[in-house]
Amino acid sequence: MASAEMRERLEAPLPDRAVPIYVAGFLALYDSGDPGELALDPDTVRAALPPENPLPINVDHRARCEVGRVLAVVNDPRGPFFVGLIACVQLERVLETAASAAIFERRGPALSREERLLYLITNYLPSVSLSTKRRGDEVPPDRTLFAHVALCAIGRRLGTIVTYDTSLDAAIAPFRHLDPATREGVRREAAEAELALAGRTWAPGVEALTHTLLSTAVNNMMLRDRWSLVAERRRQAGIAGHTYLQASEKFKIWGAESAPAPERGYKTGAPGAMDTSPAASVPAPQVAVRARQVASSSSSSSFPAPADMNPVSASGAPAPPPPGDGSYLWIPASHYNQLVTGQSAPRHPPLTACGLPAAGTVAYGHPGAGPSPHYPPPPAHPYPGMLFAGPSPLEAQIAALVGAIAADRQAGGLPAAAGDHGIRGSAKRRRHEVEQPEYDCGRDEPDRDFPYYPGEARPEPRPVDSRRAARQASGPHETITALVGAVTSLQQELAHMRARTHAPYGPYPPVGPYHHPHADTETPAQPPRYPAKAVYLPPPHIAPPGPPLSGAVPPPSYPPVAVTPGPAPPLHQPSPAHAHPPPPPPGPTPPPAASLPQPEAPGAEAGALVNASSAAHVNVDTARAADLFVSQMMGSR
């Protein structure tokens, strides 16, 4: 149904005229720290202006997707500033066809054709990329330096966010820090260049535009926090009061939200208070798992605080979550409470001998021969020495991190959170430690810090303990010490886990093959009862105990393992020169693949250009460290 509707929209006749769209913005910013060949200085730009040939405007540096022309480029004190004209009916058709009709739903009057196009192109291609020709270090810049300007999602140069509008003045107006001389000069030059175009339009083709716009989305789908980056580039360019750039998380136009539902509380007994319709449902709240929250929740009751039980505001709209920077993990509140309850519940793991190897199936010899002295003892064999219950629980490690965080907050002058216990004592005791004023109305009250005996005078104020004062005025070195202690604790736990895989009193001698006393007699072959993979193998880096025998070769570290011979691979025989390939299997011949438009081959001309458009890269190691940490912590449970 949807494909038929899209086909009808594509096959609909094109509009008679194209909507002229003006685009304006900085092509680069001076002293912005652009790396390498992307950096431009005022002298280079001054030598390259005005361009020798008109600069085309294309999409994502595709020469076959030209949609407009640059009208003027002016050297502003902040960087080169340009104004261009876009007039392409096919670009409007592709964007309108791909966009859903729900994007433009609104309570007020319907948006015009120009407004819909401005919303789509502004939010899909909010940046530009200037393509320059590569030149040597000794080659001076000339008027052929600039090649073209490309509309893209995110440019590599800073501050290259552009504005689109149907009038020239409206496109330039949002740049509040633009020099007045630059504003007048670019307006005059753009008006003169527009007269020379005489209503020209561009038509690169619907198919070429479709593939180019799709490649733009694919190349930037891995971009993290795209709207945050766009907002930052927008501030760098000095844009204020922009109308069509939507840096929000909702996939609708401002003012397109449906009418708010009436407030219905469950305590007022209003009809429909228990309505479970999708419109009235509220998603489960998300909480940020911080170390101090885990520590405070594990030491207190597993029930959440009253403020956490009702995160929805009085208006019925859920509070927006704080923006994450990648240092927090977002999980539902119900799963968070289950994790806290499971961590705080007491565990009584079975006691195991210190350094005992892990339990496993051991391959013994003949059933009637008894246990061999060379095999390791069973896991239940009593060993003298200290017994321990495995690694310490997760609460101890988190408590160390919480102490470091609390010390860091005290060092920075920030008040400790409600769940932080990094500093001894409560707020009540710290309140009594401060010096009281000279005229204290509560002078007659007994001091709670000193014992009171009837008939005796009030004791003198106790001086502040130097150790307490030093602890309260902790410096950065104590914070570092606490962090080092936490890391050391984790390293010790890892060492204990590794030690458990070794024998308690050194490695065991290698296991020799079992020789049956009646092996000389002919007996029918019996299949092995135990798999060979369960044979105990001592670590190869530890030598057997005891002095080596003189004149004898030490036994190998690993016992010989029988390998079942498999079928030998066929030998490669060189084929004669007159050999023919095997005939294809009988059947209908598959139809040839549909020919798709191939991307433009990077020729010598393309290699001589410096394009400033960016593409997000795939990072396969994003969460590998976090997964390893979680697996180690959960493995000790």
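From the backbone N, Cα and C atoms, a Cβ is placed for every residue, glycine too.
Range with Swiss-Prot annotation region 'Interaction with major capsid protein', chosen from 8-28, 71-91, 197-217, 617-637, is 617-637. Given the ranges 32-35, 232-235, 376-379, 428-431, the record in Swiss-Prot names 428-431 as motif 'Nuclear localization signal'. Of the listed segments 106-125, 146-165, 326-345, Swiss-Prot assigns region 'Interaction with pAP' to 326-345. Its Cβ placed at the centre, S129 (active site, charge relay system) has 24 other Cβ atoms within 10 Å. DSSP assigns H61 (active site, charge relay system) to coil in the three-state reduction, outside any helix or strand. For H148 (active site, charge relay system), the count of additional Cβ atoms within 10 Å of its Cβ stands at 20 [all protein chains shown]. Within 10 Å of the Cβ of H61 (active site, charge relay system) there are 21 other Cβ atoms, across all protein chains.
Here the Cα atom of H61 (active site, charge relay system) is found 8 Å from that of H148 (active site, charge relay system).
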